[in-house]
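Lifted from TrEMBL, the feature list:
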DOMAIN    23-287  domain 'NADH:quinone oxidoreductase/Mrp antiporter transmembrane'
TRANSMEM  56-74  transmembrane segment
TRANSMEM  94-115  transmembrane segment
TRANSMEM  152-171  transmembrane segment
TRANSMEM  178-197  transmembrane segment
TRANSMEM  203-222  transmembrane segment
TRANSMEM  243-262  transmembrane segment
TRANSMEM  274-294  transmembrane segment
DOMAIN    290-343  domain 'NADH dehydrogenase subunit 2 C-terminal'
Amino acid sequence: MSPTTTTILISSLATGTIITASSHHWLMAWAGLEMNTLAIIPMISKQHHPRATEAATKYFLTQAAASATILFSSTTNAWQTGTWDIINMTSPTANMLLTVALAMKLGLAPMHFWLPEVLQGSTIKTALIITTWQKLAPMTLIFMTSNTLPTTALLTMAMISTLLGGWAGLNQTQTRKIMAYSSIAHLGWMAAITTIMPSLLALNLMLYLFMTTSMFYMLILLNSKNIKDMATSPTTSPTTTTLAMLTLLSLGGLPPLTGFMPKWLIIEELTTQNFTTTATILALSALLSLFFYLRLSYSSTITLAPNTTTTKHKWRFKPTINTTLLTTTLPTSLLMLPITPMIC
């Protein structure tokens, strides 16, 4: 793909997100979402491979259906209330349709089926964009409508997402699919707190973006597409492998790393609001996610001791990423827990 085409597509992604985030009218928000979808499709299918074409088709159909549902829900609300303002969603039917549509946009269970397959059919860089930047526009709409979204539906989706993200991730060997189920599980935590404390949703989203970006950039640097590649990475770059292990543990929510902080605050708030059952299920499902993070960390550090390897794979590779971005996102991903009292 030529630099000019890449620049146009990335600019379209940024413009679509900005339009959606700054809109007060549903039609403008819908237009921004459509710009995002149309800009990412060529980036997914640029490999000219049947698997990439399949991933692009799945992504397009899912996102088009979700955008149509958003437009239908906003039309229903305008029909009943006479307003197209995003913050004035007062129709229960429209709010339920909007919740389903945004869940489909994000990949929240049970509308998650497209996300692992699309990420597996994309390059790692495109998967990074799908799991981070493409979450911003739908999350902005969720943040703006959090006061009117149905709490019961969101809590149900949150429990299903965290459980499914943990269980399905146990059986994966491909790093992109592991990151996809990690994204589904983290979205479940965000959905659980959406209507209860939106500010905590924003904090969780910010830390998720930092940790996921750091992890994907290290996967690109190590050229690791599966667990076998992670197992041979310590012989080529032990320092980066160690940092990848710490980032994985932070994603899993292991104290005292940063990833534990939003989980702790969400469980505390759910318990305060008497959602004890939901908090218990989320806490137990976090153990499932932590297990496959630990397994991936173990496979990547088991060969950290000084030794030699007979593998012919990845004995030399060139860093192809922006190391400046990695050095700015990685420290944030690995901050220690004592910063929590200052945030609280």
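The backbone N, Cα and C atoms fix where each Cβ goes, and this holds for glycine too.
Sequence-distant contacts of the transmembrane segment (274-294), counting only residues of its own chain at least 6 positions beyond either end whose CB sits under 8 Å from a CB of the stretch, comprise 155, 158-159, 162-163, 165-167, 169-170, 172, 178, 181-182, 185, 188-189, 192, 196, 248-249, 251-254, 263, 266-267. Same-chain neighbours of the transmembrane segment (152-171): 96, 99, 103, 108-110, 112, 116, 177-178, 181-192, 194-195, 275, 278, 281-282, 285-289, 291-292, counting only residues six or more beyond its ends whose CB sits under 8 Å from a CB of the stretch.
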